[in-house]
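Data block below; observations after.
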Amino acid sequence: MKALAKLERAPGLTLTDVKKPEVGHNDVMIRITRTAICGTDIHIWKWDDWAQKTIPVPMHVGHEYVGEIVEMGQEVRGFAIGDRVSGEGHITCGFCRNCRAGRRHLCRNTVGVGVNREGAFAEYLVIPAFNAFKIPPEISDDLAAIFDPFGNATHTALSFNLVGEDVLITGAGPIGIMAVAIAKHVGARNVVITDVNDYRLELARKMGATRAVNVSRESLRDVMADLHMAEGFDVGLEMSGVPSAFTGMLEAMNHGGKIALLGIPPAQTAIDWTQVIFKGLEIKGIYGREMFETWYKMVAMLQSGLDLSPILTHHFKVDDYREAFATMLSGESGKVILDWTAA
């Protein structure tokens, strides 16, 4: 079968032929129809320090996808051949304390699809049936293919009550932009997002941001004054991993505010801890998606009118993957979709 693989320890990926995976007793085989390019895939493409330490070579990668079940193991229940599914990319052990307590997103033995094991940039993917998630017919393949990052945005944004609250989002990547739409959908008052990328800030405006602020030209304090925010933001969603963005967020938070951290800052990042302590801030780290509460919430929000269509900006056939990755690398895109139906 065709697959996009890391074949050598160097930048780039290669469209190549690999062996079709085998189905275990508790697995499903999915014929892939659409995939999306993630920021993780960009790290793998660039072959940066993280990728060099993490990604086995050779291996085909990718973890944002949708497809159709074409084969099932003999122990699988609850699915049928022909079911349209996406799937949870974190494969958990099922036996550690957190897994047994229903907190699988906190499994200490997590294995990542397309990171630690063969991924979804291929004609076929095999995963445990437990990880597969049926997609309702009214949700398009393109939207279903981005459930992984949509889930990151959902997990982060819904970590705290947003009804009537003022929300600051730092980082207008696709996940931050989707968090804008989620926050507005569930009843936030002001949703302000910051970045230095004008293209993506404009996407955030289309998704409902009250203000999309280029912090290289505009002061967040001035924006708060324009919005008559005398006390600061109630909730912060840090999506960038940029130390200066997190520092600015801490300064802009109201006393008693709550912050969810999805972005990964450098290991030695220093912050002003007096902002955290004297303001009584609550900070929560976010990893992946809650299994499977986040997935049910994603479907429910789409079915109740959440519109994510502006984030789907570019579509390519898989044979044009180099152009697709160049588009993503340019920074002037939302989500980039790869079509595998002609592979």
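Even glycines carry a Cβ here, placed using N, Cα and C.
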Name the residue, out of ILE175, ILE182, ILE277, ILE311, that Swiss-Prot lists for the same NAD(+) site as ASP195, ARG200, LEU262, GLY263, ILE264, ILE286, TYR287, please.
ILE175
Compute the C-alpha separation of LEU262 (NAD(+) binding site) from CYS38 (Zn(2+) 1 binding site), stating it in Å without decimals.
14
Compare the C-alpha of GLY263 (NAD(+) binding site) with the C-alpha of each of the binding-site residues CYS38, HIS63, GLU64, CYS93, CYS107, and give the closest one.
CYS38
Residues that sit under 8 angstroms from ILE264 (NAD(+) binding site) by C-beta distance, when 6+ apart in the chain:
GLY241
Beyond CYS93, CYS96, CYS99, CYS107, what residues of that chain have CB atoms within 8 A of the centre of the Zn(2+) 2 site's CB atoms?
THR92, GLY94, PHE95, ARG97, ASN98, ARG100, ARG104, ARG108, ASN109, THR110
Whole-number Å distance between the CA of CYS96 (Zn(2+) 2 binding site) and the CA of TYR287 (NAD(+) binding site)?
17
Which residues, same chain and not among CYS38, HIS63, GLU64, have a CB within 8 angstroms of the centroid of the CB atoms at the recorded Zn(2+) 1 site?
THR35, ALA36, ILE37, THR40, ASP41, GLY62, TYR65, GLY89, GLY114, GLY119, ALA120, ASP148, PRO149
